[in-house]
Structures are given as C-alpha cells and as structure tokens.
C-alpha cells in the first residue's frame, strides 16, 4: 500500500511516468487509508469524550456518596493502572488476536461500560458505590486500551512515512473529545441529572461499532521475535518512556483536582467548570497537527520540540495555582491562559515521542511490521498509564494535604526533570555521533594514505 508521503509513489505500467503524475498520485489517499482515518478518528473522539466527561461533576457526586478526595483520586487512577497492564498484554499479542477484532471489541465494551456508569447513582452510597466505581473503571480501562493499541498500530501501518503528521492530525479529534466532553457533560448534568451524560455518550460510542466493523481494513502480519523488555532496554526508549510517564502524570493530576479547585476558588457552577477545561483541550487540538507536520518535515527538530515542550509544561504547572512562592494572586483569566499554553506545550511534548521510539526500534534491528508497531503502541500506552495512575492518585492525596497550589508545583518539578534529562541525553548523543563521525573520517584518511603509499611502491 502506498502512503501519501511516499517519494517513489505508484508508477504507471510500462515504465517511469512523468514526475508530475507520480507526485499527484502519491499525495492522493487510498480508499483504505481514508477508512483507517475515519475509524481511528472515531475512537479518539469517542474515547476522549467518555474519559473527560467525569471531570466537571463526578468528584462532587462521589463526595455525596461518601468517597473522600483520596478515594476519588484512586477511582481516577485505577483506570490507568489497569490500562498499563492491558497495554502490555495487547501490545504483545496484537498479531495473535487480530488488530481489527481488538479495535471493534474494545470499542463495544467501552461504550457499554460508559452507559452502565450512568446508573451508579442508583447504587447505595458507601463501600458498594465505591466498589462499583472501581469495577466499571477497570473494565473501561481494559477495553479502551485494546481499542487504542490496535488503533495506533493500524494507523502507523497505513501511513508508514507520515506517522507523526497523521498522529498529530488525529490528536485533533482527541482534543475535540476533551473539548466537548467537559462542557457537554456539565450541561447535560445540570439540565437532566447524573445519568444522561453517560448514557448519551455511551450510545454514541456503541453506534460507531457497526460502522467500524464495515470499513476498517484487516491487516495480517507475521509474529515478531522481539519483546517489550528488549525495546525498553534501549537507553533512548527508556528515557522517552520516562517522559511519557511524566507527561501523563501532569495531565492526570488535573482530573480529580482542577474542577474542585475552580469550584472552591471562583464559585463557578458545574457547567462553567467544563468551559475552563476548554482552554487546555482546544489549544492541544489545534497545535498537535502543526507539531506533527513539523516533526515529519524536519525530523531533526523532534528532540528539541520535546525538550522545549516539557520545560514549558513545567512552567505552566508552577503558574497554575499559582505556586505560593511566586506571590501571584490567583485569577480566573490567568488560569485559563496558563491552560491554553499548557495545551500547546502538551502537543510539543507528546507528538514527537511515537516516531522517535519507532525510528529507534528500527535502527536497533526491530523488524518493520505490525508486530513492532504493536510493541511500540503497547509500550506507549503502558508508560502513559503509569503516569495516569500516579497523577490522579497522588494529586488527590496532595490536594487534600497541601492544597492545589503546592500540589501543582510538585507536578511541575516532574516535567522539569524530564525536560532536563532528555535535553542532556540528546546533547550527549549529538557529541557521541560527532566524535564517531570524526573518528571515521580519520580512519578513512589513514586508509587512503596507506593505499597511496602501497601504489607508490
């Protein structure tokens, strides 16, 4: 299958066609690629809407049912813990299970669980309510990870030469889901009560299932010989995994804490709290395709986009409260502005990582195919899940103990550490490659000199 950015492109039968024909054909998306884009866009949009809908009103509802801030953080965090375990399994056995089946089955279960989540207000308060929250979140995590692991692998298989561009473009739908989820959830909650937001979104996801069963192509691939441990043992991949964990922890921290902070600090109703999340999600949705395009057009910039994005992210979390040591008064307009900058830096931090890991794997002998794509997708999901577990769980605990301002500052230190670590790694990598290049030049000169001397004799 020809990718849209393939420089060779399809050639007409009978020899080399005119260059213009080649370029025009290579830029045209095939029917199969269009179907892949529709399918992956649907899971990005649907899953992010279902994921983000909890933010504006669930913490308050859970408090009414007898859950503490720490327990609420754990309800958010357990999703990521089982996401982590599921991504390792699904990434390893993607080829055995089948990418299409994994995608469709994961989407179906995720939609059904979202509907069931809307019935939790009928459950008795206390331990029974908390146990049901954990059960449904765990099931949703496993099904979601099945769909996302398959989605990323199928997408990279369909667009091998434009991975960052396509992933970045589809993050628009993730961002759109994050944009629409909180305000739509807040509006439906205020207008119709707790059940309607979950039932409405769950049914939308379920309606997407038959569409994807019809249009999603079925890719076959040989079983790979490499494992997660060989992949993460590569130093560059290990450091990039740390960055993924750091980034997802920062994002996950906001789930159980930001809505409570805004409600207490600015006395906004639940519907308006959802609009506060809009600044973060909208800026991320707009910036991600641009970062992806830049990342594919100029691959040498990926590393510095990643480093600068993490350092900016650290500054955003210091200013989110703002941190008490800055002596800046907390204002709503400042909070929204910081969330907008946070979304842009998030795109810079996240989009280059997948192609960076993939190129590193190929450079170190991993075969090009669905098995390696499954490993990379699974590793990405696993590392994301570690941070998404730590972020809400630790965030809920710190919010309760030291308040939002100091808790956000501590999250910023994590992003600062990952930015500095990657900057140092890339600097050392550049110096090592430069030294190797100089050594090869010296050896080449010595060989030429030896050859000249032997010719003279």
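The backbone N, Cα and C atoms fix where each Cβ goes, glycine too.
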Correct range for transmembrane segment (source TrEMBL, candidates 10-29, 70-89): 70-89
Per TrEMBL record, range annotated transmembrane segment [choices 219-236, 237-254]: 237-254
Stretch with greatest number of CB pairs under 8 Å, the transmembrane segment (301-320) reference, 70-89, 196-216, 274-294, 332-358, 370-394 candidates: 332-358
